[in-house]
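Here it is, the structure, as structure tokens.
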Amino acid sequence: MSYSSALIMLCPSLLTDIPACTNGAGNEHKSSGFGPVFEEQPVDTIYPEESPEDKIIMSCRTRANPPATYRWWLDNTEIVIGNEDDYSLMGGNLVISFPDRSKHAGNYSCLASNEFGTLVSQKASVQFGYLDMFSSDEREAVYVKEGQGAVLLCDPPPHFPEDLSFRWMLNEFPEFIPLDKRRFVSQTTGNLYISTVRASDSGNYSCFVSSPSIAKSVFSKFIPLVPIAERSLRKYPADIKVKSPDTYTLLGQNVTLECFALGNPIPQIRWRKVDGDLPVERHNISMSGSLLHLYDIQYEDEGLYECEADNSKGKDRHKVHLYVEGAPEWVEKISSSERDIGGDYIMSCLASGKPKPHVHFLKNGRMNHELRFTDLTFDDSGMYQCIAENRHGTIYANAELRVFAGAPSFEWNPVKPKLLGAKNGRVVIACKPRAAPRPSISWSKGTELLHNSSRIFIWPDGSLELLNVTKSDEGKYTCLAENDRGRANSSGSLSVTDATKITLAPSSADISVGESARMECAASHDPTLDLTFIWSLDAHVIDRDREHYESKMDGQAGTSSSELLISNTQLRHAGRYSCTAQTPVDNVTVSAELVVRGPPGPPGGVRVDEVLTSSVRVTWSHGTDNLSPISKYSIQYRDVQAQQDWRDASTSPVNVEGNAEMATVINLTPWTEYEFRVIATNTLGTGPPSDPSPKITTRETRPVVAPSDIGGGGETSRELTITWTPVQPQYYYGSNFGYIIAFKPHNDPEWMRVTVTDPQARKYVHKDSKIPPSTRFEVKMKAFNSQGEGPFSISAFIYSSQDVPAEAPTIIEARTLSATEAVVSWVPLQLQTVEGYQVRYWRESVENEASAQRALVSSRENHTRLDNMKPNSHYLIEVRAYNGAGYGPASQRHKIYTKKAPPSRPPKIIGTKMNYSGTTINIAWEQVEPLANESTVEGYKVLYRPEGQPSGMLYTTVKQSIDLPMKKGDYLVEVRAHSEGGDGAVAQVRIAGKNTFTLVHEDRFRRCFYVKVTYK
């Protein structure tokens, strides 16, 4: 950060057409007036070219007496109001009518003037915002293989300003694509990045651009994205495509850095500061690592930031330099002042910023260099401005300087009429008349003129000091002030009182944290005066309402006492306590020490060196022991990447003595990033931990953990599949981690070895046409890294895949059961390798064999039912055996013909009739006539069930009626035609019966049986 300072000295005007405002000798009569003070200034404005508003208003308002007049400038040229139809004034505001970029764009400033001077406002720009439409040309389709990355270019149209925001639509408005770890939209270029293209990404994409400054949005022509299917997805290393350039930002602002990579698997993204740590509590990482947000930027945030993207196929890195600069800020600035005529005065400014600000001055709107005044005159009065600017901005400080002249006057500041002094004490009587030029001062007591002596001293500012005051000093004192414009005097009477004395001083104490302390203080004083006690700690007054403190006070004529209670003391309460007994005339202070002993403070300067694979040396410096010797230290650590809680470390020596400043931490994991902290303990407890050490990474070594759960076996013929549980990352112990697989037929002496470089892999398939089927293999695995190979795992035994069944089953029978069902049976194969059978069936000459329906049957079965068939159709059926290696040959095809469909029309219920005894009810219906393509009716099925239940009594009949027994409760009767093609559509009747027995006989002749029939 750089500073610029300046002193103001009058110089010739550079703005010669602005009249100077002077006040002359009349200054002493115009104290009620003042120069302009800005209350509202113009601000930068962006006017949308398509705005329905037909004017721009630039603000300018001041507080002034008399009121100010206003003038406006555009790019250092005065705007003549009235000559231009485009401009008018509304108060001090400038109104620009019918804004036009060619005429009205530029930098505006306002000048406010009255008889005391002129001020120039801050400059404000007027710019014209626009966002053109996208080109109407069609966008070319983008073809990408599945698994590869894709970039869709936005190419935003011409625009101003640059602060655009980008989103992408898929297929139609307003379907915006959600962003995740696989998809990213750069807010710098607007481009859409897809790290790994999938089939589901197919569609038409459009870039949607918004300008918040002018509240306008446009979108591009749609870009077709066409994923190209791959038989197996290839893997691609991480490749960073979104790279933030070197970036300049300003102090206190927020900044976002972008980083996104293509690759398969989807790359993981991490950020770090190369030359330090990311700012604590002032950074955030979002969008799965793609965005690094830095808040409230400070100068120490400048430096090199690195983005790392990695997946199982490789890593990529990008570094971006962040430069931090600062707009001007005032360290010291001018302020309004009134100064005596003929005196000297310096107006100074000091501004900070990066780059170093340039500072200059204006007086009444005219350019000056520095302001250093000697022998002030009325012409020096006026409005002054200090201006500091660099490429990031301009700041203004405004002040009015008023030069005063007048005869001495005590009207605003007379000598105090009643003065008190303590016996044997010291009295100072102030004399501060208003006068210019500076007056000469003399003092008298009564009629006696006073002169400097061993007890009496007249200060340069005119104050009178009396030492060792006695009763004889009581009387009337007069101050006489005189200059070339006149004289004046003011008087006050002095009374001498008894001095205040401490009669009981507080005692020093030595306690431990958590205990309480009590301090007492008493004093004698003049009985005519009120006395108060003030307690302070290390010269800072104690707030009596503050936690831990409580004070009491007692008093009678001439004597008073106070007690201060400190409860549950903490280390911060130690120090020098002072008791001050104070009256309106004098005060006296006594002090005592309070010693508070407690647990140690945090150790400092924690550093780590001698870094090995599983141990490091930690060093530190002693913190404060808080007056109780440190008895031991303990060291804690945490794994940075795993974001663990702090854990106690194993050390050598096991017990770290209180006088130690180093220890070795052991039993660490190789190739792991750690940080450490140290905690001190004494007899009074354990103190707070030190700040964490710088992060370190233990050295690499060869791995010691092998993959577990080794298994697998055959899948496809002539293949050997090996599976395992991968090693956890904390056991990699080094870079370039992978696996070595050794396998061989059980009785073969020679091992085959393969290398797998993906540390997260779980499976390896070895293909070899010479692999014998169903052969026992011995398999073992070990891990490796850049430092070497680890130990082999325990051997596991697996079997290669078996051959597919060599024989085809023979179909015994295939026959239709209905219009949609059939049954097929076959002779089972006498092979141990058969795991089951597949039955395929499809309509001959209508359906493709590839679209055949399939049924899988266990090897224990030799028949199955086929369903979901089409009525009145020719079907082909085949059966084949299968096992883990695949399907064997198919049987000879068998042809069947499904029956016609069952009747599609339900029976029409034509009557429900109760018999005279009330024990049965007769349901009758019309004969169902099938259509030409339907099966002939062979009879009818009647389901009689309670309402709400799926099952009941099923009856069959060839007639068109049936007698059903009456039952308690509500029942449903379902009637459907039956044919060789199956059951037809259903008709339904609801029967509601009344649950009584005696009324059956009484009402039998009335035939009131409470039967209700509902047709559905």
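Using N, Cα and C of the backbone, Cβ positions are placed for all residues, glycine too.
Keep in mind it's a predicted model, so treat the numbers as computed, not measured.
Residues or ranges marked as signal peptide by TrEMBL: 1-16. Annotated domain 'Ig-like' per TrEMBL: 36-127, 144-219, 237-323, 328-402, 408-495, 500-591, in sequence order. For 602-701, 706-803, 808-901, the entry in TrEMBL reads domain 'Fibronectin type-III'. The annotation region 'Disordered' is assigned in TrEMBL to 682-717.
Locate each feature and note its surroundings.
Across the domain 'Ig-like' (36-127), DSSP classifies residues as 4 helix, 54 strand, 34 coil.
The average pLDDT computed for the domain 'Ig-like' (144-219) is 92.
Helix, strand and coil counts under DSSP for the domain 'Ig-like' (237-323) come to 6 helix, 54 strand, 27 coil.
If you look at the region 'Disordered' (682-717), the same-chain residues 6 or more away from its ends with a CB under 8 A from one of its CBs are 512-513, 597-604, 606-608, 611-614, 616, 618, 620, 623, 625-626, 628-631, 634, 636, 640, 646, 658, 668-676, 723-728, 731-735, 737, 739, 763, 765, 773-774, 779-793, 796, 798-804, 884-886.
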Per DSSP, what is the residue count of the domain 'Ig-like' (500-591) in each of helix, strand and coil?
3 helix, 53 strand, 36 coil
Ranking 36-127, 144-219, 408-495, 808-901 by the number of C-beta pairs under 8 Å to the domain 'Ig-like' (237-323), which range is first?
144-219
Please work out which recorded stretch in 36-127, 144-219, 408-495 has the most C-beta pairs separated by under 8 angstroms from the domain 'Ig-like' (328-402)?
36-127
